[in-house]
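Database features (Swiss-Prot):
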- D89: active site, proton donor/acceptor (ACT_SITE)
- K152: active site, schiff-base intermediate with acetaldehyde (ACT_SITE)
- K181: active site, proton donor/acceptor (ACT_SITE)
Amino acid sequence: MEIQKFIDHTILKPEATEEQVKKLCKEARDYKFASVCVNPYYTSLVSKELQGTDVKTCVVIGFPLGANTKEVKAFETKQAIENGAKEVDMVINIGALKDKKYDVVKEDIEAVVNEAKGKALVKVIIETCLLTDEEKVKACEISKEVGADFVKTSTGFSTGGAKKEDVKLMRETVGENIGVKASGGIRDYKTSLEMIEAGANRIGASAGIKIVEESK
């Protein structure tokens, strides 16, 4: 298995410097990862660094709380795409989901999906550690309904990360036609493999190199 093709090589910590981001891009080029995932500020830099390679620029939207308005998320998406993003990882409105305001959740995801249509893949972060199983299923169903390309477990900034049980539930909910991304706390090959076996076809991790080296 070419594990590197599953990996979104990620640096989302607020103190990330330009030098660190450039280093990450070089690693992604060398290891042929799926993408480099960064905060919006670094979109242009990453796009420039990855030019002429198959590694995609992936940018987070409404991150990490998901509590921005849909208009702001749509604008963030538009700007990210203009600056070279080929994938966007958005955080849902978690409070609205808890309140069973499913129309709000739907419109929120839809705002990003509509902005990205035909230009970038959309991954929807549902933040599994804050949800009941019922809420996880609902978030996945809504994401699928509005045309998201992936559902994703976690931001890595909340109370917990990816669990294989959640990945399995998400995969069962969305079926085979959309992606499932496991992220948050995945630091070795063994865990990555467990996530893939549970149904993930993308892994978000800052430990991508370690994961690949362990797979050899």
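Using the three backbone atoms N, Cα and C, a Cβ is placed for every residue, glycine included.
Since this is a predicted model, take the numbers as computed values, not measurements.
Between the CA atoms of D89 (active site, proton donor/acceptor) and K152 (active site, schiff-base intermediate with acetaldehyde) there is a gap of 8 Å, rounded to the nearest whole number. Sequence-distant contacts (6 or more apart, same chain, Cβ under 8 Å) of K181 (active site, proton donor/acceptor) comprise D8, D89, K123, F150, V151, K152, T153, A200, N201, R202, I203, G204. In the three-state DSSP reading, K181 (active site, proton donor/acceptor) counts as strand. Its Cβ taken as reference, D89 (active site, proton donor/acceptor) is surrounded by 29 other Cβ atoms within 10 Å in the chains shown.
Residue density at K152 (active site, schiff-base intermediate with acetaldehyde): 30 other Cβ atoms are found within 10 A of its Cβ, drawing on all protein chains shown.
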